[in-house]
Amino acid sequence: EVDWFSLASILFLLMFAPLIVYYFIMSCDQYQCSLIDPLTDLLTGNKHLSDIWNKTPMLTYRAAAIYTLWVAFQVLLYVFVPDFCHKFIPGYVGGVQEGAVTPAGVVNKYEINGLQAWIITHLLWFANAYYFHWFSPTIIFDNWIPLLWCANILGYAVSTFAMIKGYLFPTNAKDCKFTGNFFYDYMMGIEFNPRIGKWFDFKLFFNGRPGIVAWTLINLSYAAKQQELYGQVTNSMILVNVLQGIYVLDYFWNEAWYLKTIDICHDHFGWYLGWGDCVWLPYLYTLQGLYLVYHPVRLCTANAVGILILGLIGYYIFRMTNHQKDLFRRTNGNCKIWGKKPEYIECSYMSVDGTKYYSKLMTSGFWGWARHFNYTGDLMGSLAYCLACGFEHILPYFYIVYMTILLTHRCLRDEHRCFSKYGKDWKRYTAAVPYRLVPGIF
């Protein structure tokens with residue numbers, strides 16, 4: 001059942017999330033990244049909405065061609081080019097991998113080839129920039145707002161198609177969820193794993209491609225624009241490219257592990273993932289680089305090193321926390337965490353068919369510090385991206401505010417699910433690990 005608060009939140013996001021994206025990008029384009037000046041102009045009558053809209057670049061044939069080629073190229077790499085990286089890169093897990101068991105008991109297979117797609121895409125990007133010169137490295141920045149309209153068209157199209165597909169020809173009818181509320185079903189999705197053919201999985205494709213592959217290309221285009229405008233690339237822009245590049249590469253290196261995360265294991269595919277991955281992710285996760293095009297920041301050496309260290313420590317915590325959990329699961333606790341056998345709490349739960357299952361919740365290592373300490377590392381990295389932009393404007397700090405809200409909400413969502421699943425065993429676990437994100441505080 002959909003409670004009134006969930007429905008109100010969903011209606012708010014459906015109405016205002018696209019406007020929020022537009023407002024941020026428009027503020028950079030027309031107001032030098034000020035979030036206050038557009039509102040001031042409107043409230044004082046200096047400008048009308050029509051004035052701002054009329055100055056906004058519209059959809060162009062060039063942008064439509066660029067975006068169509070981009071998405072088609074990523075579909076080609078995803079569906080038709082089997083992974084070969086796992087054959088020669090030690091430690092990398094690619095190729096055909098199995099996902100988690102769905103609620104209907106299905107185990108889907110995936111072609112894990114995101115790292116390969118990222119490498120091929122970026123090799124072509126640099127080959128063009130330094131040798132072929134088919135297009136300018138600033139092409140993304142130069143068409144940024146027209147590309148926004150293309151991304152919205154795809155986001156709404158794929159979300160609407162996924163909903164129609166869930167009603168008329170679902171991949172697996174037993175993995176569909178109908179609440180009876182149109183807005184909830186449209187946003188949160190009906191099908192658990194909508195697919196076309198054997199390998200095109202909507203969730204994995206749109207989560208990783210085209211948005212995350214584009215993330216580093218977008219930042220590179222920003223750096224190229226900074227070079228074009230000012231004759232140099234600032235150390236802050238380099239920091240943003242490096243730190244966010246590490247995050248992107250980590251995602252693709254661990255793409256097989258991602259099959260066990262909340263997005264794939266619990267979320268259905270609707271507007272939240274479809275539009276969010278097409279529009280929200282590439283446009284708002286890259287605000288720091290966009291801001292630095294309009295306001296180049298030259299950090300002193302001490303600040304640059306401090307921000308780099310914060311970002312690297314955050315990444316280390318994020319990665320090692322997830323590694324400890326993955327190792328614990330794969331070995332069923334028969335491993336060593338920080339040089340000793342991990343501590344854990346035995347839990348049991350009952351499935352829908354009445355079968356009793358057992359599992360273990362680790363209470364040592366980073367997981368003994370806080371129940372979601374991987375999110376803490378993620379937030380440290382997010383803060384580092386923002387700090388690289390200085391303190392002149394609040395716009396680049398939207399990311400840390402958003403990530404704090406998102407990950408705190410995920411904590412609560414995950415814990416509600418775990419309490420429903422484990423009952424009194426979950427209470428024992430929370431007593432052993434009392435903090436969610438920050439030891440001693442929260």
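Quick reminder: no glycine exception, Cβ is built from N, Cα and C everywhere.
Listed features, source TrEMBL:
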- 6-25: transmembrane segment (TRANSMEM)
- 59-81: transmembrane segment (TRANSMEM)
- 115-132: transmembrane segment (TRANSMEM)
- 144-164: transmembrane segment (TRANSMEM)
- 204-222: transmembrane segment (TRANSMEM)
- 229-249: transmembrane segment (TRANSMEM)
- 269-287: transmembrane segment (TRANSMEM)
- 299-318: transmembrane segment (TRANSMEM)
- 382-407: transmembrane segment (TRANSMEM)
Same-chain residue ranges lying at least 6 outside the transmembrane segment (115-132) that approach it to Cβ under 8 Å: 73-74, 77-78, 81, 83-85, 89, 92, 94, 209, 213, 216-217, 220, 224, 248-249, 252-253, 255
Query: Taking 3+ C-beta pairs under 8 angstroms (sequence gap of 6 or more) as contact, is the transmembrane segment (299-318) in contact with the transmembrane segment (229-249)?
result: yes
Field: the transmembrane segment (6-25) touching the transmembrane segment (229-249) per 3+ Cβ pairs under 8 Å rule
entry: no
Statement: Spatial neighbours of the transmembrane segment (144-164) not adjacent in sequence (6+ beyond its ends, CB under 8 Å) are 18, 21-22, 25-26, 29, 56-60, 62-64, 66-68, 71, 185-186, 189-191, 194, 202, 206, 269-271, 274-279, 282-283, 290
Task: Quick one: find which recorded stretch in 6-25, 269-287, 382-407 has the most Cβ pairs under 8 Å with the transmembrane segment (204-222).
output: 269-287
- request: Report, as numbers and ranges, which residues of the same chain sit near the transmembrane segment (6-25): CB under 8 Å and 6 or more residues beyond its ends.
  value: 35, 38, 144-145, 148, 152, 181, 183-184, 186-188, 271-272, 275, 279-280, 283-284, 287, 290, 395, 398
